[in-house]
Amino acid sequence: MAPVDPHSFTDSTHPLTTHIALTLYFHFPSSTIHATALLTLQTPHTGQLSLDTRSLTIHKILDPETLTPLPFTLSSSEHPINGRHLTVSLNNHSSILILYSTSPSSSALQWLSPPQTFKKIHPFVYTQCQSVHARSVFPCQDTPAARVCYSAKLNVPRQLSAVMSARHCDRRDPVGSDLDGVLTKEATGFGFDLKSLWCEEGRIVEEFVMDQPIPPYLFAFAVGELGFREVGPRTRVYSEAVDGVLDAAAREFAGTEEMIRQAERLFGEYDWERFDLLVLPPSFPYGGMENPRMVFLTPTVIKGDASGAQVVAHELAHSWTGNLITNKNNEHFWLNEGFTTYAERRIVEVVKGEDIAALNVGIGWRGLNEEMERFKDNMEFTKLKNNQEGVDPDDIYSQVPYEKGFQFLWRIERQIGRPAFDEFLKKYIATFKFKSIDTETFLDFLKANVPEIEKEIDLQQWTEGTGIPPDAHEPVSNLYTKIVSLANDFKLGRMPREDEVADWKGQEWELYLENLPKAVEASQVLALDARYRLSESKDYEVKVAFLQLAISSRCRDYYGEVEKTLKEVGRMKYLRPLYSGLVHGAGKDEEKILAKRVFAEARECYHPIAQGVVEAIFAKHV
C-alpha cells in the first residue's frame with residue numbers, strides 16, 4: 001500500500017474518485033441517515049479499492065450496471081484517528097454503488113434536539129467535515145488530494161429545509177425513481193424498505209449539484225427550519241428562522257459584497273458564483289468554515305458593530321486559498337491557513353484601514369507566541385510543514401499554520417515589495433486553481449518566479465524549522481504601540497483612563513487583554529472589571545480573554561461567568577483556553593472539580609469534535 005496521506009487509507013496506486021452521487025434519507029428520531037453513494041472513478045480498476053469510513057454500517061456494495069453484489073471487507077477494528085478501512089474488490093469497474101447508514105456517533109454530524117435550537121420547535125442537523133470527518137457521512141477517499149464533484153438528494157421532513165456547499169437545484173416531492181429502483185428490502189440489506197420510507201407522506205426532497213471539484217472536507221449540509229435575508233447580489237444570510245438572529249446577522253454582514261469586490265481586485269475573479277452565509281446554533285465548534293458557496297458561522301461572530309465581518313473576510317479569502325488551491329494533506333495545512341490569513345488581512349486593510357489590519361496582526365503575533373509555549377514539549381508542531389503520522393489533526397489544531405504561515409508570506413512581501421508580491425499571488429492562484437499541492441510545490445514555484453529568493457530568505461528554516469524565525473516581524477502602528485504600552489503600564493499598577501479607551505472596540509480590548517501578564521492580583525482583575533465591565537461584554541473575544549485572566553489569577557468571583565460561558569457556546573476557540581485554564585497547573589483541585597462538572601452538564605450540547613478536544617485536555621491534566 002502506498003498512502004498519500006497519514007490520515008487516510010487512500011492508496012496512491014488506485015484511481016481517485018471524480019464524482020459522488022448521494023441519496024440521503026434523514027431519520028431524526030434515530031439520529032441516522034440511510035443512504036446510497038455512487039462513486040465514479042477516474043479510470044476502470046481491477047483489484048482492491050481502498051476507502052475511508054468511520055461509524056458507518058455498510059449494507060451492500062453493488063455494480064451499478066448489473067446490481068450484482070461486489071465483495072468487500074471492513075477492517076474489524078476502528079483506527080482511533082483514521083476509522084475503518086473499507087476495501088472493495090473490482091473487476092474493470094469504473095463505478096460502485098454503496099448502500100450504507102450513518103451512526104448517531106458520527107464525528108462529522110451534530111444532531112440537535114428541538115430544545116437545543118434557537119426556536120426549540122424542530123430538530124436540526126449539520127456537518128463539520130474538516131479535517132478528517134467526511135468519512136463518517138459517506139465512504140470516500142477522505143484526503144484533500146482526492147478532489148470530487150458531487151450531486152445530492154436530501155430527503156427531509158417537509159417542514160424543514162436544507163442548504164449545502166453546492167448549487168440548489170430543486171425542492172420537490174420524493175419519487176421512487178430517486179432510488180433508481182434498486183432499494184427494495186431484499187436488494188439492500190437495510191432491513192426495511194427504504195423506497196417506501198423515501199416516498200412517505202410529509203417528506204420533501206432537496207436537490208443539489210457541485211460541478212467544481214472540492215476536497216471532501218468541504219462537503220457540507222445543514223437541515224432545519226431555516227430562514228434567510230438577502231444582503232447582496234450574491235449573498236444571503238441563513239439561520240434558523242428566528243427574526244432576531246436573521247436581522248442581527250444581516251446587519252453584521254451588510255458589507256459582504258464590498259469585501260467580495262475588493263478580494264476580486266486582489267486575487268482574481270470569484271469562481272464559486274454565490275457566497276452565502278449560514279449562522280449555525282451556538283454549538284458550532286469553529287468561528288467559521290469555508291464551505292464553498294455556503295460558509296458556516298458561529299453566532300458568536302454577531303457582535304452588533306460589524307466587526308464580526310472579519311471572520312467572514314477570512315472565510316471569503318479561503319475561496320481562493322484553500323478552496324481553489326488546497327493543501328495535499330494536513331501536514332501542509334499552512335498552505336490553506338497561512339495564505340488565507342494573509343489574504344484576509346489584505347481585505348481588512350482595504351475595507352477597514354491599516355490600523356485595524358495592524359491590530360489583527362498584533363493579536364495574531366501574541367497568539368503565535370502563546371502557541372510556542374503550548375508546544376514547548378513537542379516542537380514538531382511549531383513547524384509549518386510537520387509530521388502528523390499517528391497524530392489526530394484536531395488535537396494539534398493551533399494558530400501556528402495561520403500566524404507563522406502569515407509571517408512567512410509577509411516576510412516574502414517585505415523582501416520583494418507589495419506590487420511584485422501581488423503579481424506573484426495572482427499567478428500562483430491561476431496556476432494551481434482546483435489542484436491540491438504540497439509545500440515543495442509552492443517553494444519550487446516561488447523560486448522559479450522570484451529568482452534567488454532562497455539567498456535572501458532561509459526558506460528551509462521558515463518551512464521546516466521549529467519556533468519563530470528571527471526575521472519574523474511584530475507589527476508597527478501607532479494604535480498597536482499605544483495599546484501594548486497601556487498593557488505594560490497595567491503591570492506597574494496603572495489602569496487605562498476612560499479617555500484613553502473611549503474609542504476602543506472589541507479588537508482593541510482583545511489586544512490589550514492578550515498583552516497583560518498571565519496572572520495578576522485578584523484585586524486588579526476586580527478593579528478592571530468594575531470600571532470597564534469586560535466580563536459582561538457581548539464580544540466573546542473580549543469576554544473570554546478577560547475570563548482567562550480571571551482563571552489564571554484565581555479570581556473565583558468570575559467562576560460563575562466561566563460556567564455560564566462554557567454552557568452557552570461550543571466554539572473550540574473559547575472552550576480550549578477556559579477548560580485548559582481550569583485544569584492546568586498545580587493545586588487546582590477546586591477548578592478541576594468545576595471543569596469536570598460543567599463538561600458533564602454541557603457535553604451533549606457540544607459538537608463531537610469539541611467533545612473530543614475537551615476530553616483530550618482532561619486526559620492530559622486531570
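Glycine is no exception: its Cβ is also placed from the backbone N, Cα and C atoms.
Keep in mind that what you see is a predicted model, and the values were worked out from it rather than measured.
Residues or ranges marked as peptide binding site in TrEMBL: Q128, C129, Q130, P285, Y286, G287, G288, M289, E290, R571, M572, K573. For Q130 (peptide binding site), the same-chain residues that are 6 or more apart in sequence and have a Cβ closer than 8 Å to its Cβ are Y217, L218, M289.
Feature annotation from TrEMBL assigns Zn(2+) binding site to H314, H318, E337. The 10 Å shell around the Cβ of H318 (Zn(2+) binding site) contains 24 further Cβ atoms across the protein chains shown.
Cβ-based neighbour count (10 Å, all protein chains) for E315 (active site, proton acceptor) stands at 24. Under the heading active site, proton acceptor, TrEMBL lists E315.
Around Y402 (active site, proton donor), taking its Cβ as the centre, 24 other Cβ atoms fall within 10 Å, counting all chains. Per TrEMBL, active site, proton donor is recorded for Y402.
As annotated by TrEMBL, domain 'Peptidase M1 leukotriene A4 hydrolase/aminopeptidase C-terminal' applies to 478-618. Under DSSP, residues within the domain 'Peptidase M1 leukotriene A4 hydrolase/aminopeptidase C-terminal' (478-618) fall into helix, strand and coil as 106 helix, 0 strand, 35 coil.
Taking the Cα of Y402 (active site, proton donor) as the reference point, the closest of the recorded positions Y286, H314, E315 is H314. E290 (peptide binding site) has H314, E315, H318 nearby among the recorded positions H314, E315, H318, E337, counting only those with a Cα within 10 angstroms of its own Cα. When the recorded positions E315, H318, E337 are screened for a C-alpha within 10 angstroms of the C-alpha of G288 (peptide binding site), the residues that qualify, in sequence order, are E315. Counting every protein chain shown, the number of other Cβ atoms lying within 10 Å of the Cβ of Q128 (peptide binding site) is 24.
Using a 10 Å Cβ-Cβ cutoff, G288 (peptide binding site) registers 23 neighbours. All protein chains included, Y286 (peptide binding site) registers 22 other Cβ atoms within 10 Å of its own Cβ.
Counting in whole angstrom, Q128 (peptide binding site) lies 15 from E315 (active site, proton acceptor) by their C-alpha atoms. Note: the Zn(2+) site is recorded as H314, H318, E337; in the same chain, E290, E315, A317, T321, G322, N336, F339, T340, T341, A343, E344, Y402 also have Cβ atoms within 8 Å of that site's Cβ centroid.
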